Each structure stands twice: as structure tokens, then as C-alpha cells.
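K.L.:
Relevant sequence annotations retrieved from TrEMBL are reproduced here:
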| type | residues | note |
| --- | --- | --- |
| SIGNAL | 1-18 | signal peptide |
| ACT_SITE | 200 | active site, nucleophile |
| BINDING | 228, 229, 230, 231, 251, 252, 253, 254 | substrate binding site |
Ligand code: ASP
């Protein structure tokens, strides 16, 4: 009898576990992404990367791995691709180098890790996870963050590993404009406002246990100077996760996302105002941010495993995978089927 009841309990626990929906949602940056700017080959290459990231992350969830594994696996694929402004393919700083930011947060216990301004860590998302799992801190920056990731045995590369021709061309354009304007700081921020290209990457996943994890990785903004750090490694701005409300990864003009604490604001509206994630995201992205000129978007996941993608720019590289749908899109007019 005892054996039978323990068998039944295990069976019921498994059934409950199997019922929890798994899902993953990703982005590869939001911005002025229009059809006229992307060749068919480039578009296909970007969609291939997005699909690979989704499939890899989802396969991890299906295999019973936790949302942390899924998010890291998906982000690493995008970091290793030249098509995105994260890892290989990161934008250039004013000094013609690369400084990378990343963060990750776990919704089950609000643990988080982040690195800012790393120069030699091949996959910054791994360093962010290591900070969370193997240090008493939440954020490490600069040389110390690289030294920590090296000490943890993570792959280190020369800074030139992150070089790509396309990003250098973007640097040259901004440099020329800045020189024309006499390199005044007002001019730099003016150029940044209008010329910066997005391409940050992020992922949010929910696993069979119902735990949500969100992660973000970026090269920041073209021509950034003086150790400028954006929202991506800032918990509450570019990344947030709380199993009770939602997980969010943002992309856009980081200064606005920091000042409006975008990722946390969206989750707070869900938690305290009982709003749906879609409504909360719409309010913050399309009302609050839009009204002040904060360009960008977010991806998010609610505790029921429903992905949300919201942006106030012309496009956002994005996609999600659930048990019954895989969706990948770039432009603003590509709607999710009802
Ligand atoms: N949010 C990033 C930053 O400000 C840039 C981006 O999303 O493209 O660093």
C-alpha cells in the first residue's frame, strides 16, 4: 500500500511537471531595421542564427535542463555570430576597441550576475553567469571582470577577435561626423542619438519547473567613450526576472532604459497592478519610453510561458518557440498569427 501510494505520488508529480509549459523568446536588437537596408542573404543569415538560437535553447528545456542553461546556450550562439552586436561583431568604441557588457538573472530566487566593459572574455554571458554562481557580487567591471572570468577558466581572446568590417564601417561614419562637428561632447551624443545601430542580444526562457531566467549581452553603442556602460548589464534596466511576474531582456538606447528602469518597471506593473505582461510592456515601451524619445524594445516571458515581444522602433530581430509555434521576424509589420 505504502509502495503504491509513493508510486502514485511520484506519478502525479511527474504529470504536474510535464504540464508546465516550456518556452523561449529571443531578440537580436531593435532599431531602424528596414527592408531597404538588408540584402536577402543578410536577412536569411540573421534568421538562420535566430532559429538556431531558439532551437538550441528550446532543446535544452525539452531535455529537462533549467532555464539558465537554455538562455546561456541561446545567447552564446548569437554572441558567436558576426550578425549581432554582442561577442564577435560587437561595435567599436571611440578608441577603436571593443568593450562588452552582459547580465543574467534567475527568477526563482532573484540571483543575478553581470559584467561590464570586458575586453577579452569571448562569451560575456558566461562571465555574467559565473559572477552569479561563483562570486558574492552582482556586477564586476573592466579589468577585474576579465581577470575573474580568466580565473574561472572561461575562454579569453585578443580584443581584435571581436573585429568585423561592417562594424568598422559604422565606426568610420560616426567618426567622420564627429570630426566635422569638432569632437565636442554635445556633438558626440548627437551623433550617438541618430547613428547608433542596435544589435544587442537577449533571451528569456521558462523551464519545466516554472522558473524564468533572462539574459542580455551587448557591445554597447558605436563610438562610446570613457567606459560608457549601457543598460544591458544593469539589473532592473536591461535585464530582470522574477518568477512571480515576468522575465525581461531589453534592447535600445540604454541611457533611457536605465533612467526608466524599464525591465523592472514592466515586471512591477505585472506584480503590483495585476496587468498582463503584454499590457505592461506596451505601456512602458509604447507610452512611457516613446513619449521621451527612448528607442528600443523588449522580449519577455510570463509565468504561464507566454512570450511577448514589444518595440517602438521600425524593427527588432526577434523570435520565440513554444510547444506549438516557432516564430522568427525582423520588421515591424510581421505580425504573430492569432
Ligand atoms: N541597449 C544597448 C546599450 O545601450 C544597445 C542596444 O540594445 O543595441 O548599450
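Each Cβ is built from the backbone N, Cα and C atoms, and glycine gets one as well.
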K.L.:
So if I draw a 10 Å sphere around the Cβ of residue 251 (substrate binding site), how many other Cβ atoms end up inside it?
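P.N.:
Result for residue 251 (substrate binding site): 34 neighbouring Cβ atoms inside 10 Å.
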K.L.:
For the residue listed as 'active site, nucleophile', which residues of its chain lie six or more apart in sequence with Cβ-Cβ distance below 8 Å?
P.N.:
27, 28, 29, 84, 85, 86, 216, 217, 218, 219, 232, 238, 251
K.L.:
With H, G and I counted as helix, E and B as strand and the rest as coil, say where DSSP puts residue 254 (substrate binding site).
P.N.:
helix
K.L.:
Of 230, 254, which of the binding-site residues has the most Cβ neighbours inside 10 Å?
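P.N.:
Answer by Cβ density within 10 Å: 254.
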K.L.:
Give me the non-local Cβ neighbours of residue 231 (substrate binding site): same chain, 6+ apart in sequence, Cβ-Cβ under 8 Å, ordered along the sequence.
P.N.:
237, 238, 250, 252, 254, 255, 257, 258, 262
